[in-house]
Ligand SMILES: [Zn+2]
(Lines of atoms letter the chains of each structure in order from A and count residues from 1; the text may use other names and numbers.)
(Lines give C-alpha, C1' and ligand atoms only; values in the text may rest on other atoms or scores of the structure.)
Protein backbone atom coordinates (compact mmCIF):
# COMPACT_ATOMS: atom_id res chain seq x y z
CA UNK A 1 0.00 0.00 0.00
CA UNK A 2 2.74 2.43 0.95
CA UNK A 3 4.66 1.55 -2.18
CA UNK A 4 1.58 2.22 -4.31
CA UNK A 5 1.10 5.65 -2.65
CA UNK A 6 4.76 6.53 -3.21
CA UNK A 7 4.52 5.46 -6.85
CA UNK A 8 1.36 7.52 -7.37
CA UNK A 9 2.88 10.67 -5.83
CA UNK A 10 6.05 10.20 -7.83
CA UNK A 11 4.03 9.89 -11.04
CA UNK A 12 2.05 13.02 -10.13
CA UNK A 13 5.24 14.96 -9.45
CA UNK A 14 6.76 13.80 -12.74
CA UNK A 15 3.64 14.82 -14.64
CA UNK A 16 3.57 18.28 -13.05
CA UNK A 17 7.28 18.88 -13.67
CA UNK A 18 6.85 17.95 -17.34
CA UNK A 19 3.87 20.29 -17.69
CA UNK A 20 5.55 23.33 -16.10
CA UNK A 21 7.93 24.26 -18.94
CA UNK A 22 5.08 24.01 -21.43
CA UNK A 23 2.99 26.37 -19.31
CA UNK A 24 5.83 28.91 -19.12
CA UNK A 25 6.41 28.61 -22.86
CA UNK A 26 2.71 29.08 -23.60
CA UNK A 27 2.55 32.16 -21.37
CA UNK A 28 5.45 33.79 -23.25
CA UNK A 29 4.03 32.93 -26.64
CA UNK A 30 0.58 34.23 -25.72
CA UNK A 31 2.03 37.72 -25.31
CA UNK A 32 3.22 37.69 -28.92
CA UNK A 33 6.70 36.25 -28.57
CA UNK A 34 9.88 37.77 -27.23
CA UNK A 35 9.47 41.49 -26.43
CA UNK A 36 11.82 43.95 -28.11
CA UNK A 37 14.19 46.30 -26.30
CA UNK A 38 11.77 49.20 -26.83
CA UNK A 39 8.91 47.20 -25.29
CA UNK A 40 11.00 46.27 -22.26
CA UNK A 41 12.67 49.63 -21.66
CA UNK A 42 11.49 51.76 -18.77
CA UNK A 43 12.54 55.00 -17.12
CA UNK A 44 15.65 56.77 -18.37
CA UNK A 45 16.43 54.05 -20.92
CA UNK A 46 12.97 54.54 -22.48
CA UNK A 47 13.41 58.34 -22.57
CA UNK A 48 16.73 57.94 -24.38
CA UNK A 49 15.32 55.40 -26.88
CA UNK A 50 12.31 57.60 -27.65
CA UNK A 51 14.51 60.68 -28.12
CA UNK A 52 16.93 58.75 -30.36
CA UNK A 53 14.02 57.71 -32.60
CA UNK A 54 13.10 61.39 -32.99
CA UNK A 55 16.70 62.32 -33.75
CA UNK A 56 17.25 64.12 -30.43
CA UNK A 57 20.17 63.60 -28.06
CA UNK A 58 19.04 64.91 -24.66
CA UNK A 59 21.98 63.45 -22.70
CA UNK A 60 24.72 64.22 -25.25
CA UNK A 61 25.44 60.55 -25.82
CA UNK A 62 26.25 61.01 -29.48
CA UNK A 63 29.43 62.54 -30.87
CA UNK A 64 29.06 66.33 -31.12
CA UNK A 65 28.68 67.88 -34.56
CA UNK A 66 31.72 69.49 -36.05
CA UNK A 67 31.74 73.15 -37.02
CA UNK A 68 34.22 75.14 -39.04
CA UNK A 69 34.80 77.61 -36.21
CA UNK A 70 34.44 80.56 -38.56
CA UNK A 71 32.23 83.59 -37.89
CA UNK A 72 29.56 82.14 -40.22
CA UNK A 73 29.78 78.63 -38.71
CA UNK A 74 30.90 78.99 -35.07
CA UNK A 75 31.40 76.06 -32.69
CA UNK A 76 28.09 75.63 -30.85
CA UNK A 77 28.58 75.16 -27.11
CA UNK A 78 25.52 73.96 -25.15
CA UNK A 79 25.08 75.41 -21.68
CA UNK A 80 22.43 75.28 -18.96
CA UNK A 81 23.41 78.77 -17.74
CA UNK A 82 24.37 82.06 -19.43
CA UNK A 83 28.11 81.27 -19.52
CA UNK A 84 30.43 78.31 -19.82
CA UNK A 85 34.15 77.82 -19.70
CA UNK A 86 35.59 76.60 -22.99
CA UNK A 87 38.91 74.99 -23.73
CA UNK A 88 40.36 75.59 -27.19
CA UNK A 89 43.11 73.22 -28.16
CA UNK A 90 45.84 75.16 -29.90
CA UNK A 91 47.95 72.16 -30.74
CA UNK A 92 48.36 68.84 -29.04
CA UNK A 93 50.30 70.37 -26.14
CA UNK A 94 48.33 73.42 -25.00
CA UNK A 95 44.72 74.26 -24.23
CA UNK A 96 43.55 77.85 -23.90
CA UNK A 97 40.65 78.24 -21.42
CA UNK A 98 38.25 81.18 -21.55
CA UNK A 99 34.71 82.07 -20.51
CA UNK A 100 32.06 81.99 -23.23
CA UNK A 101 29.08 84.23 -22.53
CA UNK A 102 25.54 84.25 -23.91
CA UNK A 103 25.00 86.46 -26.95
CA UNK A 104 27.00 86.79 -30.13
CA UNK A 105 29.80 84.44 -31.08
CA UNK A 106 33.12 85.05 -29.35
CA UNK A 107 36.61 84.50 -30.67
CA UNK A 108 39.24 82.40 -29.00
CA UNK A 109 41.85 84.87 -27.64
CA UNK A 110 44.66 82.81 -29.08
CA UNK A 111 43.68 81.28 -32.43
CA UNK A 112 40.59 83.29 -33.38
CA UNK A 113 38.16 80.38 -33.74
CA UNK A 114 34.54 81.41 -33.11
CA UNK A 115 32.39 79.90 -30.37
CA UNK A 116 28.73 80.56 -29.62
CA UNK A 117 26.76 79.61 -26.52
CA UNK A 118 23.42 77.90 -27.11
CA UNK A 119 20.82 77.24 -24.43
CA UNK A 120 20.47 73.62 -23.40
CA UNK A 121 17.76 72.30 -21.14
CA UNK A 122 18.29 69.21 -19.09
CA UNK A 123 15.61 66.61 -19.85
CA UNK A 124 14.59 66.24 -16.20
ZN1 LIG B 1 41.74 78.75 -29.98
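Quick reminder: no glycine exception, Cβ is built from N, Cα and C everywhere.
Unlike curated entries, TrEMBL annotations are predicted automatically.
What TrEMBL lists as Zn(2+) binding site is 88, 108, 111.
Annotated features taken from TrEMBL, shown on the structure.
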{"residue": "88", "record": "Zn(2+) binding site", "Cβ within 10 Å": "20"}
{"residue": "108", "record": "Zn(2+) binding site", "Cβ within 10 Å": "19"}
{"residue": "111", "record": "Zn(2+) binding site", "Cβ within 10 Å": "12"}
| field | In three-state DSSP terms, the structure that residue 108 (Zn(2+) binding site) belongs to | value | coil
| query | Taking the centroid of the Cβ atoms of 88, 108, 111 as the Zn(2+) site, which other residues of that chain lie with their Cβ within 8 Å of it, listed in sequence order? | reply | 89, 90, 96, 107, 109, 110, 112, 113
| In three-state DSSP terms, the structure that residue 88 (Zn(2+) binding site) belongs to | strand
